Amino acid sequence: MGNWAVNEGLSIFVILVWLGLNVFLFVWYYRVYDIPPKFFYTRKLLGSALALARAPAACLNFNCMLILLPVCRNLLSFLRGSSACCSTRVRRQLDRNLTFHKMVAWMIALHSAIHTIAHLFNVEWCVNARVNNSDPYSVALSELGDRQNESYLNFARKRIKNPEGGLYLAVTLLAGITGVVITLCLILIITSSTKTIRRSYFEVFWYTHHLFVIFFIGLAIHGAERIVRGQTAESLAVHNITVCEQKISEWGKIKECPIPQFAGNPPMTWKWIVGPMFLYLCERLVRFWRSQQKVVITKVVTHPFKTIELQMKKKGFKMEVGQYIFVKCPKVSKLEWHPFTLTSAPEEDFFSIHIRIVGDWTEGLFNACGCDKQEFQDAWKLPKIAVDGPFGTASEDVFSYEVVMLVGAGIGVTPFASILKSVWYKYCNNATNLKLKKIYFYWLCRDTHAFEWFADLLQLLESQMQERNNAGFLSYNIYLTGWDESQANHFAVHHDEEKDVITGLKQKTLYGRPNWDNEFKTIASQHPNTRIGVFLCGPEALAETLSKQSISNSESGPRGVHFIFNKENF
């Protein structure tokens, strides 16, 4: 239990608090509409669907308040960089912002479904009561408001039978119109956010996500007509429901039972969402201001395996290891921003990203930079680039540990390029205050060509550590996870050579996948009583494996070895 608490305790606590608040709001508002006399006659008309519609509405307000906060990148980056505000454990929660964003989105979808279904029943009962297709009590309540000095309870004012009556309400009432619009927006946003769409059709994901603007506008005005009505306090004072509920035919005729008066509650949703919407507006203004700052591409390097490197400069740009930026190329798309990890080190006088060509946008950037041509491309012909960032990630905390495990899969190695470069520069400058004493680096890749662009950096580090008699500082293991029979024969022939046939490094390439249980146990035995940072940039399946290994190989109690798992999310 102690092992689990070290890695996941705070995360689970945050989730439980969030779930608890959802349960509290649901139960509280269910009782508000299901018990008090204010809504007695409304319950007579609508039944239990009244409370079942209003309770999830309160939860929707709460979650719609939260949904924008995890995507305020500049706010999170500010909090992350404030040591007075955020400890390492709190920063790890900020690094899971997108996970929380998705959880809140699914909660919004759940409560939207309950809210919508309950209101469909409400509409049916209101329309039926209006056309005398219901019990006499509901019909009598529905006739309130037809005469002068009366306020209505039933929001269906026209005598139109179902299903036409329900459709009429959907297209004439503000609540109906906005309800249809925001539900359609929500469906499009969620369905376009699947992993398949994001990876293969990012443009679809990007554009449909901006329907959130329409969603929030519709949400803010959804309740403006106040069609869910309850008895007013003044009416309750003179109209005692205990006495009058069975004397509906005598309402307005006897002194003790005047005709009840009804009114809707003032809209509340805007009060929940105005703060986050203001913060997000500030976020977008900061992004726009940054996008207008001049960025100069100083070099474009074409690497094997359809990977390009962009080296850039921007006035006032400051970065830390492992951070990422958003990039827009107006020549390719005037609206799309794409995230890329910085592969340069803070000590360098430029910042760089490595981009693998896998989609329409990256293909367009590849062509815009002239990488599809054989001849040299003049600098003035390179496209204009807009950059937003940098933004913090889990990898920023790598220098907070004495021992770290860095695990990259495929192009997921890019955050660690920045870290390893920075380590190299620190050793070149004889850094004496470096807390980090040992790096275990693992790189898993399917194709041999993918190793080529990264091998030079590893060779520099390898030689640097040997020159300074600190060869044990960096232990790296490169795994080739895909090969054919001819490659295997070639590797076997050259196995006894001094340097690896693929990378040119002294450390030989390994084939297959690591035995993570053995790796963790070996590292734990070599570093007792140590907090070891485990940093991954790779697929979810590998993240699940490493997270479980971090928990199972950590010792309970404050002392002993503890593996702290961190994963890149952007």
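From the backbone N, Cα and C atoms, a Cβ is placed for every residue, glycine too.
Annotation comment: Swiss-Prot describes 2-9 (among others) as topological domain 'Cytoplasmic'. The average pLDDT computed over the topological domain 'Cytoplasmic' (2-9) stands at 60.
Per Swiss-Prot, the feature transmembrane segment maps to 10-36 (among others); the stated evidence is experimental evidence.
Cβ atoms under 8 Å from those of the topological domain 'Extracellular' (37-46) belong to residues 121-122, 125-126, 129, 137-138, 141-142, 153-154, 228-231, 233, 236, 241, 245, 260, 262 of the same chain, restricted to positions at least 6 beyond its ends. Among the features that Swiss-Prot reports, topological domain 'Extracellular' is placed at 37-46 (among others).
Annotation source Swiss-Prot lists transmembrane segment at 47-72 (among others). Long-range contacts of the transmembrane segment (47-72) within the same chain, counting only residues at least 6 positions beyond its ends with a Cβ under 8 Å from a Cβ of the stretch, are 18, 21-22, 25-34, 39, 97-98, 100-101, 104-105, 107-108, 110-112, 114-115, 118-119, 121-122, 125, 216, 219, 228, 268-269, 272-273, 275-277, 279-280, 283.
The domain 'Ferric oxidoreductase' annotation in Swiss-Prot covers 54-286.
Taken from Swiss-Prot, the feature topological domain 'Cytoplasmic' applies to 73-95 (among others), supported by experimental evidence.
What Swiss-Prot lists as transmembrane segment is 96-130 (among others).
Annotation for Arg226 (heme b 2 binding site): spatial neighbours Ala263, Gly264, Asn265, Pro266, Pro267, criterion Cβ-Cβ under 8 Å with sequence separation of six or more. Look at Swiss-Prot and you will find His115, His222, Arg226, Ile227, Met268 tagged as heme b 2 binding site, backed by experimental evidence.
Residues or ranges marked as topological domain 'Extracellular' by Swiss-Prot on the basis of experimental evidence: 131-163 (among others).
Following the DSSP three-state reduction, the secondary structure of Asn132 (N-linked glycosylation site) is coil. Neighbours of Asn132 (N-linked glycosylation site), defined as other CB atoms within 10 A of its CB across all chains, total 12. Here Swiss-Prot flags Asn132 (among others) as N-linked glycosylation site, drawing on experimental evidence.
With a cut-off of 8 Å between CB atoms and residues at least 6 apart in sequence, the same chain places Ile259 near Asn149 (N-linked glycosylation site), listed in sequence order. DSSP gives Asn149 (N-linked glycosylation site) a coil state; it is part of no helix or strand. Per Swiss-Prot, N-linked glycosylation site is recorded for Asn149 (among others), and the stated evidence type is experimental evidence.
According to Swiss-Prot, the ubiquitin cross-link annotation covers Lys161 (among others). Taking the Cβ of Lys161 (ubiquitin cross-link) as centre and 10 Å as the limit, one finds 12 other Cβ atoms among all the protein chains shown.
Tertiary neighbourhood of the transmembrane segment (164-194): same-chain residues 102, 105, 108-109, 112, 116, 119-120, 123-124, 126-127, 130-131, 155-156, 158, 204-205, 208-209, 211-212, 214-215, 218-219, 221-225, 227, selected by CB-CB distance under 8 Å and a gap of 6+ residues from either end. Among the features that Swiss-Prot reports, transmembrane segment is placed at 164-194 (among others), with the record citing experimental evidence.
The topological domain 'Cytoplasmic' annotation in Swiss-Prot covers 195-203 (among others). Beyond the ends of the topological domain 'Cytoplasmic' (195-203), by six or more residues, the same chain brings 333, 336, 338, 359-361 to within a C-beta distance below 8 angstroms of the stretch.
Per Swiss-Prot, FAD binding site is recorded for Arg199, Ser200, Trp337, His338, Pro339, Thr341, His354, Arg356, Trp361, Thr362.
Under the heading transmembrane segment, Swiss-Prot lists 204-222 (among others).
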Kindly say whether the transmembrane segment (96-130) and the transmembrane segment (10-36) touch, using the definition of 3 or more Cβ pairs under 8 Å where each pair is 6 or more positions apart.
yes
Does Lys328 (ubiquitin cross-link) have same-chain partners at least 6 apart in sequence with Cβ under 8 Å from its own Cβ, and which are they?
Ser291, Lys334, Leu335, Glu336, Trp337, His338, Ile385, Ala386, Val387, Asp388
Recorded heme b 2 binding residues, His115, His222, Arg226, Ile227, Met268 - maximal Cα separation rounded to whole Å
16
I need the nearest neighbour of Thr481 (NADPH binding site) among the recorded positions His222, Lys306, Trp361, using C-alpha distances.
Lys306
Nearest recorded site to Arg513 (NADPH binding site) by CA-CA distance, among recorded positions Asn132, Pro339, Lys381:
Pro339
With helix taken as DSSP H, G or I, strand as E or B and everything else coil, how many residues of the topological domain 'Cytoplasmic' (195-203) land in each class?
8 helix, 0 strand, 1 coil
Within the topological domain 'Extracellular' (37-46), how many residues are helix, strand or coil going by DSSP?
10 helix, 0 strand, 0 coil
Say you check the Cα of Lys306 (ubiquitin cross-link) against those of the binding-site residues His222, Met268, His354; which is nearest?
His354
